[in-house]
Structure formats: C-alpha cells, structure tokens
Amino acid sequence: MNHQQQQQQQKAGEQQLSEPEDMEMEAGDTDDPPRITQNPVINGNVALSDGHNTAEEDMEDDTSWRSEATFQFTVERFSRLSESVLSPPCFVRNLPWKIMVMPRFYPDRPHQKSVGFFLQCNAESDSTSWSCHAQAVLKIINYRDDEKSFSRRISHLFFHKENDWGFSNFMAWSEVTDPEKGFIDDDKVTFEVFVQADAPHGVAWDSKKHTGYVGLKNQGATCYMNSLLQTLFFTNQLRKAVYMMPTEGDDSSKSVPLALQRVFYELQHSDKPVGTKKLTKSFGWETLDSFMQHDVQELCRVLLDNVENKMKGTCVEGTIPKLFRGKMVSYIQCKEVDYRSDRREDYYDIQLSIKGKKNIFESFVDYVAVEQLDGDNKYDAGEHGLQEAEKGVKFLTLPPVLHLQLMRFMYDPQTDQNIKINDRFEFPEQLPLDEFLQKTDPKDPANYILHAVLVHSGDNHGGHYVVYLNPKGDGKWCKFDDDVVSRCTKEEAIEHNYGGHDDDLSVRHCTNAYMLVYIRESKLSEVLQAVTDHDIPQQLVERLQEEKRIEAQKRKERQEAHLYMQVQIVAEDQFCGHQGNDMYDEEKVKYTVFKVLKNSSLAEFVQSLSQTMGFPQDQIRLWPMQARSNGTKRPAMLDNEADGNKTMIELSDNENPWTIFLETVDPELAASGATLPKFDKDHDVMLFLKMYDPKTRSLNYCGHIYTPISCKIRDLLPVMCDRAGFIQDTSLILYEEVKPNLTERIQDYDVSLDKALDELMDGDIIVFQKDDPENDNSELPTAKEYFRDLYHRVDVIFCDKTIPNDPGFVVTLSNRMNYFQVAKTVAQRLNTDPMLLQFFKSQGYRDGPGNPLRHNYEGTLRDLLQFFKPRQPKKLYYQQLKMKITDFENRRSFKCIWLNSQFREEEITLYPDKHGCVRDLLEECKKAVELGEKASGKLRLLEIVSYKIIGVHQEDELLECLSPATSRTFRIEEIPLDQVDIDKENEMLVTVAHFHKEVFGTFGIPFLLRIHQGEHFREVMKRIQSLLDIQEKEFEKFKFAIVMMGRHQYINEDEYEVNLKDFEPQPGNMSHPRPWLGLDHFNKAPKRSRYTYLEKAIKIHN
C-alpha cells in the first residue's frame, strides 16, 4: 500500500484487520540502535512431497529450496526503536525473506504511535524480472500465552517494485509496550512470520532438480494448452501410444502426431522448459487462432480426435477410446402409454453443472436426475401424439481415465455475455461412482483416484492457468505453472482450488478448478505404467536428436553471425536477357552466396572462391558492384595484388551482403589454359555493351570489353558489329546509359572515350542500334525512347472488387497512360468492353477498394499510384458492369433484401437512377429477380427496424430521402393478390412480427397481413399458419398478442374478433408507431453474435 492508501488505514487500537501494504525500506539507523537477536528457523526442515530420488536428496541437502518456513526476529531495547530494522534472511524457494519492523503513526491520529510490521522478499536483487507469490502469517509473540499472540495474514505477489508487504499499523505501540499485555519482556519483542511461497518466476529455478519434471513455455493466450499437455503427458499409457505412431514420412512442420511426440520426448528428457510453437504450428493455426481463448474441453476433444484418426491402421489403433471413452444411454419414458425411446451414446468427458451444487456428488446426481416433460413441454411420441414423459441419462460404463469439465463459465442472459462462477465446489481425492452406473461390477468397483486438477485464476476476460498433478497416483503432488514446476501439498492441490469465499487469504476467491482428471483405481498401474527410453522407437529418437543438432547449429550460427558477412557472386550469364537498367535485376538475379569471416583477407577469399568455382586464380577477376551517386550500381575495379592482405569487411566498406561481379575466362577456353587479359587500372577502362532492337523492343547483352581510355569511339564500332552479328561497317547509333530516365546519344565518334562519355568510369554502359530508317515505324524507334518507356513502366495488380480476397492479375502499364488507355488494356485481359468496367482507387490506410473513378478522370496512372511506397505492390480494383459506365455513373447503389415467393430473404444490390424515386427502384428490381407465377406482379418497398416493419414507402418518394443506416433495412417484396386492393373502411394491413416472451426481443421475418373488421381471430390464425407453412403441432405452441408502445396484451384466440381500432395509433400519438400483431414462440434459429470471429470453433487443420 502506498502512502496515500495509508491515510485510510483502520485503527490498530481496535485490532481490526487493516489492509496489507508495501513500504520501501527507510534508510539510516539510530546512533544507538536496538539490539537484534537472531532466532533460528523454527521449522526449516518442513516436510516436502517426494519425487525422483535425486531431486528429493538435493532438496534435503539444501533447505533454501523449501516451500515454507517459520522464522522469528527478536528486537531488544524495543522502547527505544526509532528507525526501521531488518532481520537476517530466511531462505524459502531460494529467495531471502526478512522481517521488517519500524515505529509508525496513525494517519488520522498523528500523535498515536503504532508498530509497522512487514515481510520483505529479495530486496537486494538488481533483477527487475523476478516475481514470487506468497501467503504469510505475521505474528507478534505473546510470551505469557501463545494463544494470545496477535497475528494477521497477507497474500501478495512480490516483485521488484513491491518487494515488501505488511501493515503500517499492525498494532498500537501502547499495547505492544504494555507489560500487562504480555508482548514485551525485558524490553524485548519477538516477531514471527510463517511464509508459504510458490515457486518464483524470473529467477534461476531448476524445476528438474527440485521435482524431476520440467514445464512448458507460455506461448500467449494458449496457456491453458500447457495445462492440458502436461495432463496428457502424465497419462503414461497415452504417451506410450503416441510414441509408437509411425511418423517417419511425416512433414515435420505439419504433422500433429510428430509435434506431439516431440513435446512429449522433450518433457521426458529436457532439463529446461519446453516450447510448444511447433505443435501449434502443426495445428495449422493462424495468428488469431493461436491467441483465442477457447474452452479446454474443446481443445482436448479436437486434439484427441486428431490423434485418434491418425492412429487408425497402426499398431496403437483404438488407444484413445480404450482410455477415455465411456458409454451412456439417453432415454425418454412415456407415463401414460407404452412408449420408450433409448439412444446409446459414447462420451469422452462429462460436463458437470456446479451452480448451486456443494460438491461433485451433487453434480452427478443432477446429471442423472429425471426431467419431467409435461405442460407445454410434452414429448412428441409419434402416433401417440404429445405425451407426458420422463427424460434422463444413465451411465453404462465409465472409462479408465475420466475427464470432468466443471461448468464454471456460463452464459448470463441479463448481461448477454459469459461469466465465471467462482462458487465453492468440493471434489474428493477418492471418488466412488458405482451408484451412478446402471449396472455395477463387484470385481471392478468404479472407484477413482484424483490425478489432475486444472485451475484458472481470474475472470471470464482472462487470467492465468496452472495444473496440479499427482504424477504417480500416490498422493504426491506437483504444481505446473507454465515453465515453473514445484512441489506442493495435497491441500494446495485440492482444497485450495474449491473456490468460493474464504477467510484464509491464502485462497484467492477467483482461483478454482475448471477440469478434473480421475483414474480408475483398478487401472491405475496400467494407465500410469512407467515410460522408459525403450518405449520410444529408435528412428524417432534419431530424428528428434537430429532436429536438436540442426537447431543447435542454427543457434550457433546466429550467435556467431556478427563475425561473418555474406558475399554474393553474380556471374556474367546473369546479365543475358536483362531488359532493364544496369546489368541485372536485383530481385530476380541468382547469386552464389559465400559466408565469409569479416576479418579474413581478400587473398584467402580469392583462394576459396577459385576452388569452389573451379577456375585457377589467373582465370578470374573480381569487380565489386558499387552504388553510384546517380542511383545506378556498376562494377568497379578491385586490385587483388595491392588489396590482397586487406580484410573483407574493410574492402566492402561494411556493406553486408557484399555483391561482386565475377569475371571468368570463357569456359570453352579455360581448359586450354587461357588466362584473362591484363588490365591496366590507370590507363584502361571496362565497358559493357548492349544492343537495342526496335522491331522486338528488346535489349541484347553483348558482353564487356577492355579498352584504353585514349581509344576513340569509332575504334569500338567493329567490335560492336561483331558482337551483335551485324555486317562490318553497319551504320550504328550509340547511346550512353547514364541512369534511369537519362540515356544520352553519343554524337561524335572521333573523340576519345573520356570526352565522349560523361565522367568515364569502369562499368559504363554503351547501348547501340542499327541506323535504319525503318525503325521510325516502330512504337519505340530508339533506345532513348525505350528507356524512357521503361522508366514509366509499372506493374499494377487489378483485383475484382466483388470477390473477397481476390488475388487479381498483373498488367504492365505506363505511368503516362490516361484512364481510357488503362481501361482498354485491362478490358483486353478480361475479354470485355472497356465501357463495361468501373475502377476504384486502393485505400491508403488498409488493403481494400476506395472511391470509384469517374470515366472522365483527367489524370494519369502516375497520379493514381502516387501514394504507394516505392516497393509497395501497386493495386487498383475493378468491377464488371452490365451497363456502360457512362450510364452507370448516373445511378446509385442500393442494397436491400428481396423476399421471394418461397418466403425466403436474399440480399441484392440494385442500381436505380440516383435522382429517381421508389418507382424506379422497383422497376430495376423487376429486372433482377424472378416474380411468382400466381402473384400480382406489383412490388412494394418496406422499411424494417429490429425485425419489425415500420413503414411502406410510396412509389413517388425520392430515393435521395432513403439514406442507408446500420439500424434499418429496406426490403422489396411482391404484393400478394389479396393485398392489392384494400377496403380502407373495413380492412387493414397490419404488421406481424415474431418475439419470445419479451417484445423487445423480436426476430425472424416480419410481414404484412390483411385483416377484416369483425372477423374471428381463428380465421386470422389460419392465414398466418398457411403463410408460414407451420405444422399444427408446432403452431399450437404459438401465442398471439397486440403490441402497443412496448407493451403486449395476449389475445384470447377463441373469443377475440378483429377490431381495426386496436391496430390504430392512439389519438394524439400519431407520431408513434402503429400497434402490431406479435407471434410469441421460441426462436429456433441460432442467434448470431456481432462478434462472429470470436465464436469461431477451434480447429486443427492438419
């Protein structure tokens, strides 16, 4: 408790339990501090449950790992105490615990002194990640009579910010120092603490050492899965069967049996907590699935179903049913006639209601209790009609392993959400169930031993899951709290998880069991049979160990990654076929990648490269790809001799990965011992050549050349003709490819290279083409225009707006295209008319269609795509129309419901004139739907809110007045023949809607019904039954009411005659809706939540 909370502290003098509080240690001591007597731990050697011998012996040798202890702290010269004092540490769960005592004053009585008494944990630790939950009793010893000692309880999660907890005003100072009270003797006061701590988190807790078992890492909101997996793991017979499943040919990332084998194997052999990500990945879960908190019963059921199906046809087929399947019979027995219905069913778990039940026996009694079917709930006995009957279930067999689901999470209709029931519910360690079996076996009584208690702390919206397990069935319990496993007492495992309110603060109200696992006593040794390494197939062991070896290798590589760099080698054959700027496309090129030590020398790398590529060192030359200031990337000179001793990271200028163009001798000449020509870095230059063909609008790579810088352009023409396969002396046009969107023509062929090319450097590119007049007829007659077109070229994904998650198709377009050019290109791909397409921008903030484009849009494609990031896929949406876009743009989209002649609703979208009226909308609807054969052919538009018709719109009403809203729906229907002409004096169309008990809970399809003044209501009922096509037996359950202003009055069906005034608004209240006829009956249609994604059933996909 902080200092503000201390202001609300209760009077210690009244000895009421004040709120526990935390307090920071107050620094400093008095000049003459009170002397402290260190008392030994009273019960340091507390009894601890057994486990594996090694763990037990270790714990006996070192009591610091114990779970509880009582220790005392005596303060001498107590009356002179002026500062806080600390006791020596007592180690529990290997954490230091100290008693802290100090003088305090009551906040509301500043002149009245009190004793502050706190328990401190691990205060001197520098770590900020540790935590430990503990319960403690703080006591001041009465030396005359221990029964009069004053004590208070605390329960707290200790962590670095709240490392002490207790009471600022534990007792009044005057009471402690009053010799008559018995708390002080010779100016000495003894303080005592009994602390009981859970295993800590965030510290070096060795679960394997202390218990013999390891935990599971918490993967997020699937933490309940850890409890289930531990429960299944300790069902040893199941574990054995899982090991025996053949998985040799299974995909390691998709096989559920293999993933389960892996988890079980690691739980059995690992010394550290085991991960479950590979298991959930094998389920085929998406991110949302993995973090949705499902019922543990649901996960248990689908997981065991999946494993059971994979076991079919193997040596362990039938293991799941053998362990978990029981049989029951559901029966219905008629009372008055000789009719009985029996249905035998298999079950794999039992769901027990706990609301209002004291213990598990009462829940079983309730489960098999006989239900009376009478009154409105009579049983339909076929030819015998509706009959009074008794309904119930009886257990035929109970399985060896009994899973009991305690229904702590239930739906609350008042709040329309699930709630958690934290009521106390008791369950025994031994559970006799013979009395619930239809037939018992004296040789094999249905006596069960508690094996697992799955516990939830928190409310319906979240919390924490743990499981208490009795691994060997011998009453020695362990607590599995995700990655931490610790010994615990039988009381902690059982009684502390009953739930309900308790004065004992060690039991938290919201912590209780939600699932129990019992094992039949006669099957205990079989179900919990020892699982040894001999039970695990050798091939499985080898596969899992190989996985571990590979993971360790990858982990080592990650740890050493900072020592290495990647060198990407690109060969000259990757330049061939490239149709863009520079020498290759970085996203398409295939590199040969080398992992190189950053501190290795260039000479060492060249030697390794030579051996790997199969070329002697004099047949290769390295040209690092260097980024130029103009945005291009070209090869640059690397001097092997001068730079041979330099390190790779130094030469790469910390570039990682480092890309190098590897020049080699022609493979055909390499065998003859040919070497690369000499290259004088001071006087020579390396140039790349490309040939452009206007007829095919393509580039052809023509290799590279070494030439002196003083060489004239004209001297290169013969080489170009030769490389391109042209006749010598063919007239050529030359360009320098400077950068994207800048290609300059070389005009003067009689000047040297350094004057002809802009800033001559190694890696410059010359593009040449034939000087042919016929090229003028080409779409892109020159290389300059080709590169300009290339610069504006863009790949656009077009997705159909009407198809959810449509992957679409890619079209290569020019940024300079206008709307019609784009539409024409896309229409050719879709084999349709450009005028029958409508396009939509992509929303910038999320992936989806935005506003539609008008057909007279004046911008270019570049304008449409300007908000996309450079490397982001460019996307536009389209929809195909049934009318030309010029006509379509003058219409509006109108979503509504169509009620067909079979009284079924379907959603349709109509496109009436945006300035039209309801009549135009109805005419459009006639074109889109199929009308009934024996109907009027006339349509009407209804407005529906909350499943009630609130109005019929007139045909001359403008559509502009009908604005859509989420709370209302428009419905179009054909007017029945009997409703075309209404005698307004004696007839009326009344709204009919469905509800169940509460008139605000309407549902189903409302409709209009014609009623006549004075007609008997039975006639109205006949028309309703005919319209809804309901069987007589079902229709008998309907009640009818007139609903006005939210209140309903039930109709006496035998006496009531229709009075039209009952369905007219009250005088003076014309603004209120008309009364309507309500049909009160049960809603058999499933209610759908607005949050349907949260109700998605859990599913294992593989």
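Keep in mind that glycine also has a Cβ here, set from the backbone N, Cα and C atoms.
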Task: Of the residues Lys801, Lys841, Lys882, Lys927, the one that Swiss-Prot lists under SUMO2 cross-link - done: Lys882
- [ ] Based on what Swiss-Prot says, identify which of Lys240, Lys327, Lys598, Lys1096 is the N6-acetyllysine one.
- [x] Lys1096
Task: Residue carrying N6-acetyllysine as stated in Swiss-Prot, selected out of Lys113, Lys161, Lys278, Lys1084 - done: Lys1084
TODO: May I ask you to name which of Ser87, Ser963 Swiss-Prot has annotated as phosphoserine?
DONE: Ser963
TODO: Based on what Swiss-Prot says, identify which of Lys739, Lys869 is the N6-acetyllysine one.
DONE: Lys869
Task: Euclidean distance between Cα atoms of Lys1084 (N6-acetyllysine) and Lys869 (N6-acetyllysine), Å - done: 51
Open item on the list: Let's check the environment of Lys1084 (N6-acetyllysine): how many other CB atoms sit within 10 Å of its CB?
Closed with: 8
Open item on the list: Just to confirm: which same-chain residues, 6+ apart in sequence, have a Cβ under 8 Å from the Cβ of Ser963 (phosphoserine)?
Closed with: none
